Structure formats: C-alpha cells, structure tokens
Amino acid sequence: MERPVSWRSTLATRQRLKRRFSTTTDKTRTTTTTRPLGSMVMGRTLFLLVLCLWIPSEAVGRKEPSSPTSVNSTVSSRPKVVKLGVLFTVDSVIGRSVLPAIMAAVNDVNSSTSILPGIGLQVILHNTNCSAFLGTMEALQLMENDVVAVVGPLSSGIAHIISHVVNELHVPLLSFGATDPTLSALQYPYFIRTTQNDYFQMYAVAAFVDYCRWREVIAIYVDDDNGRNGISVLGDALSKKRAKISYKAAFPPGASESDISDLLNELNLMESRVYVLHVNPDTGLEIFSIAKKLRMMDSGYVWIATDWLPSVLDSFESPDPGTMDLLQGIVAFRHHIPDTDLKRSLLSRLKSQRVKETVSFNSYAFYAYDSVWLAARALDAYLNEGGNISFSSDPKLQDTNGSMLQLASLRTFDGGPQFLQTILEMNFTGVSGQIEFDTDKNLVHPAYEILNIGGSGSHRIGYWSNHSGLSVIAPETLYLKKSSNTSSLRNQQLYSVLWPGQVTTTPRGWVFPNNGQPLRIAVPNRVSYKDFVSKDKDPPGVQGYCIDVFEAALKLLPYPVPRKYMLFGNGERNPSYDELVEHVAQNNFDAVVGDVTIVTNRTRIVDFTQPFMPSGLVVVVPFVEQKSSPWSFLEPFTTQMWCVTGAFFLFVGTVVWILEHRLNPEFRGSPRKQLITVFWFSFSTMFFSHRENTVSGLGRLVLIIWLFVVLIINSSYTASLTSILTVQQLSSQIEGIDSLISSTEPIGIQDGSFARKYLVDDLNIAESRIVTLKTMEDYIDALQRGPKAGGVVAVVDELPYIELLMSSSHCKFRTVGREFTKSGWGFAFQRDSPLAVDLSTAILQLSESGDLQRIHDEWLNKKDCTSVAVDSNKLALTSFWGLFLICGIACVIALIIFFARIFCQYNKFSPESENTAEEIQPVRRSRRPSRTPSLKKLMVFVDKREAEIKEILRENKKRRHSQSLEDRSVSSSM
C-alpha cells in the first residue's frame, strides 16, 4: 500500500528525522549508541538517530555504553535498555502520519513510572522504501541489533516476507498497517496484527452492498497480496448475501495512466455500475481523476472505497478543493476510533509537535501508537514474570562458501515464545480502543465508520461492526446494550447518501452493457395451446398471453430493455421446458418468456420472476351433463327472499348515502352521479367490492352490520347453489389424484410438460401408463375414447391449459378433486440477474392496477365450465328475518341521530348564518323574506358540506364576539 521513494528522498527524510528527534528524555541516566556502519554517541537524555545511505536505520531511546551481549548468548534478567525495532516506509501517506505517533509513544513509555521502570526503551528505525526486496534487507539488518519485537511494516507484501524472518528468530512482529486477511494464517505465528483485519472490512462492504440491494459489483484493486486476498474475502462475503463480484479488475503496482484508463474504459462497457476500489493510498486518487475524465463519476455510478481513501483525506487538515471535487458522492470505510479523552489528548500533543511534512493524522497513527505501548506493556509483564532478555546463535544461520550476507550475526530471541504469548494475553484500553486479541489473533470489536464524501468534506452515514451490523449508533454504545446479532440485524439502517451526480435516490447499480448486444430471449415454439405463446409473422415474431404480459411489464421499467425473441423448438412438437431452462443456465439465452412453470429443479439453476399466472396440476375426466333450467341460479332463494334482499340493498345504500353525503366527496356530485353511486354502492357490497370509503362513524356502523348480513346471505346462497349443482354426476370412476394412482388405466399428459417426471418420480406411477398427447385435439380424442378404446381414463395437466381445454370443448370435461400441486408461471433469467427483481415488481404493479387481468381476458376469457345440480331445498325469509331486523333497526337509529344533529346545526345556522354567507359571497337580495324558514332552505342546508357549515358557524361566533366587544366599548365611552 505504499509507493517507492528515491534514495535522495530517503536521505532528506533522515535529515529531517535528525532535527525532529535530536532531544528526548529517559527514565535512566544512560548513554546512547548505534551499530550500523559506524557509531555516534550523543549526550544523555537524547535519542540517537543514525541515518546512513546503504543501511538506513535510526536508533531512538537509551542504551548502555557497554553491550551485555556475547558471541553466542546474551542473558539479562533486568536490562537497562531494551531495543524495539520499527520498520515501515517513512515517506508515504501513512508513514508521515505514523512516525510522530511512534516517537510520541516512545517518549510516553520512557516517561512512565509504572511501565518498564528503570529500563529505557530504545527504538531502531529502518525504512522499507515500499520494496519487498529492500524491506527484507532492512529487516535482516534490523535483526542484527537484537531487538525483542518489531513494530511494522505497513505493506502486507513486505509483511509476508518478513514474517518468515521473525518466525525463524522468534521475534514478534506487531504490524499496524498490514491488513491482508491471509496474514492470520497459522504459518505466521509471530505476526500480530495491531490494526483491523481486512476480513472484517470486506464483510462491512458486503453488508452495505446488500443494504442497497445490489447483486453485482466490480472490484478494482492492485494486483498484490493485499489486493488479491482482500477481494477474495469480499467475494466470499458477497456470496453469503446472494451477491457476487461480476468482474475482478486488477492492475499491477505502478500502472501507468494509460493502463488505468484502458481498464476503466473496459469496465464502462460492462453491466454493473457498482465499483469497489481497494488500492493503496499513494496512487488511489489518480484512478478517480481518470474516472472523472471518462464521465464515470456521473449519476448512475457507485464508487465504494476501502479505508485507504479516509487515510488520505485524514492526512490533510484541509483537503484540496480540486481533490474533493473528484470525490463527490463516494462512499468510503474508515477504521472506527472511539472519540475518547486519551485520543483527544494525543492528537493535541501530536499537532503541537508536528513537523512540516506531517499535516494531520489518520487512524494508522493511533494503531502505531498503541503498538509501541503493547510491546512495552507486554515486555514489562514478561520481565515481571521472571523472563530474561537473551539471544542465542542459530546453528542453521551460518555463512558458507564465502557469503557476505553475515547470517551468523542474526540471533534468536530465547524468550520469544513466552513473550509472544504474553503479548496475545494483553488487555488494555489504548487510543485506538480496546487492545485485546481473539483466538485468531485479531483485535476484538472490529468496527468501521461509513463515510459519504460531499461538498468540502465527508459526513458519517453510519457504522458497521461484527456485533451489530449496520447502524447509526456507535458500536461501543451497542456493546453496552449487549443486544444479540439476530435482533440488531433486523434493524439495519443508515443515514441518507448523496451519490455521484448529486443524486439522493439509490442508484440501480447496473445498466445494459454498452456492447450492442440485446437481451436474448428464448420463446417456446408450441404446437398446442397457442393462445399462451406462439410464432407470429409480424414483429417481434411472437405473440400470445405470456408475450403481452412480458411487454407490459417492460413498459413499467424505468429504463429501456433491448431484446431479441428467439424461438426454441422445431415446431412439430412442444419443446422440453427443462432443456430450455438449462440453456438459460448455460448462457445460451439470457431469459425465457413463456408458459414456464416454477418448479424446484428449475429454481436451482435460474432465477424466476414473481408468478404472473397461478398454476397447478389437476385431473380432467369426461363429463356427461344433465339438462337443467337456465334459471337454476335463482333456485337457492324463494321469491320473497329475493325481493326483501333486493329492497334492503337499496335501502342500506340510500342510508349510507345520506350519512356520507355531507362528509364524503365520493358521495357528492350531480344528481345523476349520486343516483348511480347509490345503486353502485348498494349492489357492490354484495361482493365486498365497493370502492367508496365511508368516513362518518354512523356510516361505518351501518356498513359493518350490513356487510355481516351480506356475508351470511352470500355464504348461504353459495352453499345452497353448490348442493344444487353437484347433483349431476361425472361419467368416470376417477374422483381425484388418489383414485387415479390406485387405478391401472392409462393417463394422458402434455408433450414437454414436467408432469411426466412428477407422476413417475414423485407419485411412483408406472411410466408405461403415461401417454403423451401433443395437441388439444389429441386430448379430446383420448378422453372421449376412454381406456377401453385406446384412449386415457384421465388427463393430468396444469390448470390454465385445462381451463382452456374445457372452454374450447364446450364443457365436455371436468376437473375432479383439488389441485395437487401449487405453483405458477414466471419468466426465467440467469442467476442473480437484476432484471428478475425489477420485473417481479412490475408484475405486481400490473396485478394491482388490473392490467394483468385485462390481458388475461383478452386472450383467455372463454366460457366458464362449472357443473350444476338441482335441489328442491330453497332458502326462505324465515331463516334470515332476524338479520334484516337488526340491520333495519341500526339504519333507523343512525338516521335519527343524523337528523337530530342536522336540526341542531340548522338552529345555530339560521338566521344569522345566512347574513354571514351573504357577506362572504354577496348576491342580490330577492324581494321575498330571506329569514322565512322553509323546507327548501332546510334541504339546501342538508346538502351543504359539513366543513362549510362548520366554517360559517365559526365566522358567526367570531362576529358575535367582535360585536360584543364593540358594544362594550361604546357603552364605556358613553
């Protein structure tokens, strides 16, 4: 995550460090020495920084003038000086922020009277220059100084290599910047991560992607250890959210501007518009600059940056306006550092002591500060437990054949294993939060802040933690509540986001690829039931109920969908729908539009939309209809019952109109409209389909009682009519699926249907009994001939086909039993296709608006076949007069209360209210007296809206009050 720097830049950095850390304090009065290439001794209370060209190292702290080491072993129970190695790239975005924090930590440790009393902490600094090779060399040279621990490095790539060195020498490596998830592997026992693991960051990104309901993202990353392994974890995290990385766009470290531009141009042709950018802080801004030129920062695009971007922005006290203009609308993740007094105190000290090159401090500075304290506290505990600082030569590290590597100078820390265990058992509160390690050697309570960059800065839209997921509440607050993950995940929320292009609506996250390829839609080339889908001579080349539903749903989408219909099948027989779905899964087609049933084996390989047609398997048998009266539907009720029921429909409708007329605008209008409303409302309650809402309390009371009466009447009518109609019998011994299974007669199924597999595999029906029927004519012929004449005893098929069959055959057949499967027809798309989700919403809109039913009626509104029966038992008024009596009394009481209120209002309204009305809307006075009460005036008053009456009464009250005040003032003046 760092960029290489030149040797000249390194030398300049060393000189600045000399000036910066030329003085310091120490707890012991000792002298300071260094070992690389030569030595330079400075006075007491000084940190010595020796910077050389070929072996860049700095020593900060105190050291005894005489080293207590020997050739083979060094033993010190309570040394005066302990050496701590520091290894990172100084001249980098993170390095410039980290260095002052490390030196401040050393000063604080050496000033402490409770940690390492009487022992000076000496820091030896080496610059890795963001190079794995140079970093390895610097690490080997650092180990020659017999350090007990190493703080660093920043780069995960360098950490991978150095971890092998510290493993061999038993020296713990405390890295505050290496976030690669694979560094937690068991092969690196001495690697201890003192910052957050990118494993958790990638799960935070996945949670945000899922929160925005995106299903595909494009990952852009540097092709190094940190980039590859981080994006690999992101893919795993997204898969758990039913999302995925549609494309991994990697570029090499140090890629040129033209290489990045070519890569972004390639990504711009793809479908996904959600980009996750996981790069290093020193070169990441260049990508946004190029994306801005390519207009990839406009509305519709989504950019999610990992913690590298906040690290850059936090390193500047006031970011450049040009830089902020590049970043508008970006969402970024930053390590969550609790805002504590300890943090504020450290920041204040660092800002007061900062050098010219260090403008501000990012989260890595706090982790580096805590890393030094972790080493110091662990070392203090290690020594207090009787541990020794001793180093021994490793017989395996011997220079042979005249090697100049000086491997023999590298010695093993004898107490390394015990010291490592002490570090892992530490538990204290640092400036970055709780310093405690779990069983995987990760810091406990990982948490991230989610930032939205806009204007001249960024604002926090929420948090993520592995404890509570997404939340607008700080994680430390949620930890105190000790809420479970299950309950918190149900309340995931964030503040609103301002996306690129100053858009507040969450972008869709995908577009159709700009490669000129339309959507390849497969359509089954059917030879039967062509009302559902069939070939057509006119564009688009197909027609049918399914095609019209699909086209209507596409019109509701907020974006165009280029498409091309492609027939599947030879036209001589129905194609296999399982095979058709497999072609979609194999990317031979993008979707299937037709009468495709949603069944389990198909949902495993493709995604279906919301069903647009309910379906299920039914059994069909021949039916011999007995002649009956065309007026059979009147037979459930007697004539008296019909008359009273009709009269009450009109009576209740009129009562509700009277009660609602003054309050409800749906019951107002021209006389003709109101008369229609009364009739419509009256009889629509029979089917509970009245559209008019009731707003008055009396109207609702009457309507509730009446709907209860209608419910009883409807239920009784339905039961009576059903008993009448079911008197007629079928001409088959099959009564449902159970009797069909127990028989041995042949069964007909549709060619290409999933019914064959279901009957054979699930119901264990012998395959020899299955007869494939290609056309509707084959259905009719096989059923009419019957099993004795070479036909079938019954046909098993889906309900939509059977309804069309029965209608087309003039109701010669009937279904028996119930639907023994429940499913539906849907449009099939490739897995994780966003179109499946959008079209599901569009289908629901079609259903709610009634357009789906309208399309159904245009294609499939055929004769309804229902069996009828005759029964002499009729329902008379004597069975229902109690219900009608209750309803009538309720209506009368409601009318009495209503008119009582009317007369009370009318008395208040007349005559003064008329004068008020005349003042508000002046009209010519007629010669006849205006105050004479009349029936006509009462009717006009009743017809007025309730709100209008109340307004006039309020005006009257105000007038009387003002008139009273005027009278009082006149009387007082007199």
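Glycine is treated like the rest: Cβ placed from N, Cα and C.
Keep in mind that TrEMBL annotations are predicted by a computer and have not been checked by a curator.
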For this session: Please work out, from what TrEMBL records, which of Cys546, Cys643, Cys811, Cys904 forms the disulfide with Cys865.
Result: Cys811
Problem set entry | Folded-back contacts onto the transmembrane segment (880-903), same chain, C-beta under 8 angstroms, at least six residues removed | 641, 644, 648, 651-652, 655, 658-659, 698-699, 701-702, 705-706, 708-709, 712-713, 716, 941-942
Problem set entry | Cβ neighbours of Cys811 (disulfide bond) where a neighbour is any other Cβ within 10 Å | 15
For this session: Would you count the other C-beta atoms found within 10 angstroms of the C-beta of Cys865 (disulfide bond) for me?
Result: 19
Seminar exercise, completed: Averaging pLDDT over all residues of the domain 'Ionotropic glutamate receptor C-terminal' (520-862) gives 86
